Amino acid sequence: MAAQTEVKANPNMPNHLETATLDGKNKVLGFWLFLGAETVLFACLFGTYLALRNQTMGGPDGQELFDLKLVAAATAILLTSSLTSVLAMMKMNQLNYKAMQLWLGITVLLGASFLGLEIYEFIHYVHEGHTFMSSAFGSSFYALVGTHGAHVTFGIIWISTLMIQAAKRGITKETAPKLFVSSLYWHFIDVVWVFIFSLVYLLGKVG
Amino acid sequence: MGTLIVLIVFALFITAILTGGYNKEAIEKFKKSKAWDWLTTVDHKKIGIMYFISGFFFFLIGGIEAIFMRMQLIVPHNDLFVGDTFNQLLTMHGTTMIFLAAMPLLFGLMNAVIPLQIGARDVAFPFLNALGFWLFTAGGLLLNLSWIFGGAPDAGWTSYTTLALNDYSPGPGIDYYVLGLQISGIGTLIGGLNFIVTVINMRAPGMTFLRMPMFTWTSFIASALILFAFPALTVGLLLLMFDRLFGANFFDHAMGGSSVIWEHLFWIFGHPEVYIVILPAFGIMSEVISTFSKKRLFGYTSMVFATVVIGFLGFMVWVHHMFTVGLGPWSNSVFAVATMTIAVPTGIKVFNWLFTMWGGQIRFKTAMLFAVGFIPTFVMGGMTGVMLALPPADFQYQDSYFVVAHFHYVLVGGTVMGIFAGAYYWWPKMFGKMLNETLGKIHFWTFLIGFHLTFFPQHFLGLFGMPRRVFTYQANVGLEQLNMLSTIGTIGMVIGTLAFVFNIVITFKKGAKAPADPWDGRTLEWSISSPAPEYNFAQLPLVRGYDAWFMEKQAGNKEMPAAEPLGSIHMPSPSFIPLLMSIGFFVSGFGFVARGDYSMGILGLIIVFIAMFMRSFDQDHGYHIEPHEIEEANKGVKA
C-alpha cells in the first residue's frame with residue numbers, strides 16, 4: 001500500500017504534493033476551516049482582554065510591565081520561523097528531503113526560543129506582582145497570551161512529531177498534507193502574535 | 001487515594017497488554033463481536049444511528065425533567081420540587097434539550113442522509129466523525145452524572161455570572177456544566193467541520209451547489225454556524241472554568257472583572273445556536289413537503305438564499321438577549337432592527353413551503369403531517385419573536401413565561417417537529433424498516449394538541465406577570481387555571497412520545513421491510529437500497545439536475561446513470577482511537593470536577609495525548625471492497 005503514496009521526482013509530478021489526493025484536499029480545506037474557528041476563539045480572547053485591560057486593581061499596568069525590547073526580539077524570532085516554515089514547504093514540494101528537515105528543524109528551534117523568552121517574561125511579571133489571580137487585567141492577559149503560548153507549544157510538538165514521521169516514511173502523498181497543514185498552523189499562530197504585539201504590547205505602552 | 005488506584009489499575013493494564021498476560025481468545029472474540037463493531041465504527045450511517053439513539057435517550061431524560069417541573073407548577077404553593085431541586089431541573093432541562101437532544105438528533109439525520117444526498121461514498125473525515133460522536137457522548141454523560149455525584153448545575157442553561165461563580169454556586173454543579181459542555185462542544189465543532197468539507201469536496205459528478213437538496217444546504221449552513229459560533233462558547237466556558245477552578249477574575253466585579261463579558265460570549269454563541277438547531281429542521285420540512293406534494297420545491301434558489309441570509313444575520317443579533325442589560329439605546333436599536341430583518345428570509349421560506357403544497361398531489365403521511373403542523377406552530381413562535389425584538393416591549397416581556405412560550409414554539413414547534421418528520425421520513429433509509437403509520441398519526445395528533453395546550457397558555461401566564469425559572473406562584477392572582485391547563489397539556493406530549501417509542505419497538509420486532517424508494521422520493525438517497533449498503537453507491541451517480549432521482553424516474557430510468565465503471569471501492573478501517581480519546585477527555589473532566597487534586601484530570605489529558613500520537617503515527621490505508629463482492633451482495637436485491 002505504501003508504494004502507492006510514494007512519489008519520485010519526475011516531470012508529471014503534481015506541483016502541490018499536499019493536495020495531490022482527495023484525502024490531502026480534504027485535510028487542507030478542513031484545516032483552513034479549523035483556522036477559521038481558531039480565529040473566532042482568539043477574537044473572543046482579544047475582546048475579553050481589551051475590555052479588561054485597564055482593570056489592574058492597583059497592580060502594575062502594561063506601561064510599567066512591558067519591555068518592548070524583549071517582545072520585539074520574540075516577535076522577530078517568531079516571524080523568522082514563519083519564513084523558515086515556508087522554505088521547508090518549498091523544499092518539500094521539490095522533494096528535497098534533507099533541506100526540508102533542516103528548515104523544519106530551524107523552525108522548531110526558533111519556536112522553542114520564542115517560548116523560552118515568553119516563559120522568562122511571565123516569570124518576570126509574576127515577580128512584579130502581575131499574576132493570573134491578581135486582577136482582571138492579569139487574568140485576561142495570561143488567558144490571551146498564554147493560549148497563544150500553548151498553541152506555540154503544541155506546534156513545536158506537532159512539527160517535531162511530523163519530522164520523525166518524515167524521517168521514517170519520507171515525503172509521500174500522505175505525509176505531505178500533514179506537513180503542509182502544520183505549516184499553515186504555524187503561520188496562523190504567527191499572525192495571532194502580530195495582533196498580540198499590536199493590541200497587547202504596543203497599546204499597553206501607549207496606555 | 002482514588003488517583004493512586006486509577007494509576008495502579010492503569011499500570012496493570014499496560015503490563016498485561018505488553019506481556020501478553022491476558023486471555024487472547026476472549027479478546028479475539030470481543031473484537032469480532034457486534035459491540036466492538038459499533039464502538040469502533042467510522043461508517044457515517046452507523047454513527048448517524050448512534051447519534052440518533054443517544055440524542056433520543058437524552059430527549060427522554062430532558063422530557064422527564066420538564067414533566068417534573070410542570071408537576072410542581074400544577075397548583076400554587078406546591079412542594080414537590082422546590083428551591084435548588086427545581087433550579088437543577090430547569091437548568092438540566094434546557095441544557096440537555098439543546099446540547100444533548102436537539103443537536104445530536106439532527107446530527108444523526110445529517111450523518112445518515114447528507115452523504116447519500118450528495119452521492120458520496122463517505123464523509124470527508126470518517127475518523128473525526130466518530131471522534132465527534134464519542135466526545136459528545138462523553139460530555140453528555142459527564143454532565144448528567146452530576147445528578148448522582150454532587151448535584152446538578154442550577155444556574156440556568158445560560159449559567160449567568162456572577163450567579164455561576166463559586167460564591168453563589170459553591171457545589172460542583174457548574175463545574176460539571178463547564179467541563180461537560182466543553183467536551184461535547186469540541187465534539188460538535190469537529191462534526192460540523194466534517195460536514196462542511198464533505199459537502200464542498202465529496203459531491204458526486206454533476207452535483208453542483210445549486211442542485212443540492214435543501215436538507216444538505218441547510219445542514220451545510222448550520223455547520224458553518226457551528227464552526228464560527230462554538231469557539232465563543234469554548235472561550236466562555238474556559239474563562240468560567242478559570243474563574244471557578246483556578247482563581248481567575250474575569251467575571252468577578254471585586255477584582256475588576258465584568259459579568260457582561262460572559263453574557264456577550266454566551267450569546268455570541270447562543271444565538272447562532274438556535275439557528276443551528278432550526279436550519280436543518282427547515283431543510284427536513286422542505287424535503288418532506290416537496291416529496292409528499294409531488295412537486296419541485298417552490299423557489300428553490302430563494303430558499304437557498306434565505307438560508308444563507310438567516311445564517312449570516314444569525315451572528316448579528318445576539319444582543320437582543322441582552323436588551324435589559326443597559327447597553328444603551330443605540331446598541332439596542334441596531335440589534336432590534338437586525339433581529340426583525342430575520343423575519344424576511346424566514347417569511348420567504350414559509351411562503352415557499354405553502355406554494356410548494358399549492359396544487360400538489362398531497363399525501364398526508366406522518367412525516368407530512370408533522371411538516372404541515374410545523375408551519376402554523378412555527379409562525380406563531382416567529383410572531384412572538386418579532387414582538388420580543390422590540391426593546392421597549394421586551395422590557396415588559398423579559399424573564400416572564402411569555403419568553404418561555406416563545407422559544408418553545410420555535411424549538412419544539414420547529415426543531416422537534418422537524419426531527420419527528422425527519423425520523424418518519426428517513427427511518428426506512430436508516431433502518432430498512434417502515435414505521436407504523438397509524439401509531440405515527442396518533443403520535444402526531446396527541447403531540448401537537450398536547451404541545452399547544454401546554455405552551456399556548458404560557459403566553460398569557462407571562463403577560464399576567466408570572467416570572468420564568470421560579471418554582472411556585474401566588475394563589476388568587478389569576479395564574480391557577482392556566483398553569484393547570486399547561487400541565488395537563490404535557491400528558492398529550494407524553495402520550496405522543498410513548499406512541500413513538502412503542503412504534504420503534506414494534507417496528508424492530510415486526511415492521512415491514514422497507515423498499516428502496518417508499519415515498520416516491522426525489523433525491524439521491526432513494527435511488528439506493530434501504531438500508532444503504534456500507535459503500536453507499538456501487539458506482540458514483542451522475543447528477544443531471546435538481547431533484548436528480550425524480551428526474552431520472554421521469555425519464556423512465558430505473559436507476560441513476562453511473563459516473564464511473566464498477567471498480568474496487570476504498571473503505572476506511574474502523575478505529576478504537578476516537579473512543580479512547582473520548583474516555584481520556586471524560587476522565588480528565590471528571591478529574592477537574594474533583595477539586596484540589598488534579599492528578600486524575602492530568603492523567604485523562606495524558607490519555608488524550610497518547611491517543612493523538614497513536615492516530616498520528618497510525619499507518620492505516622483502509623481496505624477495499626471488490627466489484628465481485630458488490631455483485632454478490634446485490635443478487636436478488638435489484639427489482
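Every residue gets a Cβ built from N, Cα and C, even glycine.
Just so you know, TrEMBL annotations are computer predictions that nobody has curated.
Residues or ranges marked as domain 'Heme-copper oxidase subunit III family profile' by TrEMBL: A:29-205.
Among the features that TrEMBL reports, transmembrane segment is placed at A:29-50 (among others). Under 8 Å from some Cβ of the transmembrane segment (A:29-50) lie the Cβ atoms of residues 140-141, 143-144, 147-148, 181, 184-185, 188, 192, 195, 199-200, all in the same chain and six or more residues away from its ends.
According to TrEMBL, the feature transmembrane segment maps to A:70-90 (among others). Counting same-chain residues at least six beyond the ends of the transmembrane segment (A:70-90), those with a Cβ under 8 angstroms from any Cβ of the stretch are 99-100, 103-104, 106-107, 110-111, 113-114, 117-118, 120-121, 152, 179-180, 183, 186-187, 189-190, 193-194, 197, 201.
Here the transmembrane segment (A:102-120) has Cβ contacts under 8 Å with residues 70, 73-74, 77-78, 80-81, 84-85, 87-88, 91, 145, 149, 152-153, 155-156, 159-160, 162-163, 166, 179, 186 of the same chain, all six or more residues outside its ends. Residues annotated as transmembrane segment in TrEMBL: A:102-120 (among others).
Annotated transmembrane segment per TrEMBL: A:140-164 (among others), in sequence order.
Annotation source TrEMBL lists transmembrane segment at A:184-204 (among others).
Taken together, the residues of the domain 'Heme-copper oxidase subunit III family profile' (A:29-205) have an average pLDDT of 95.
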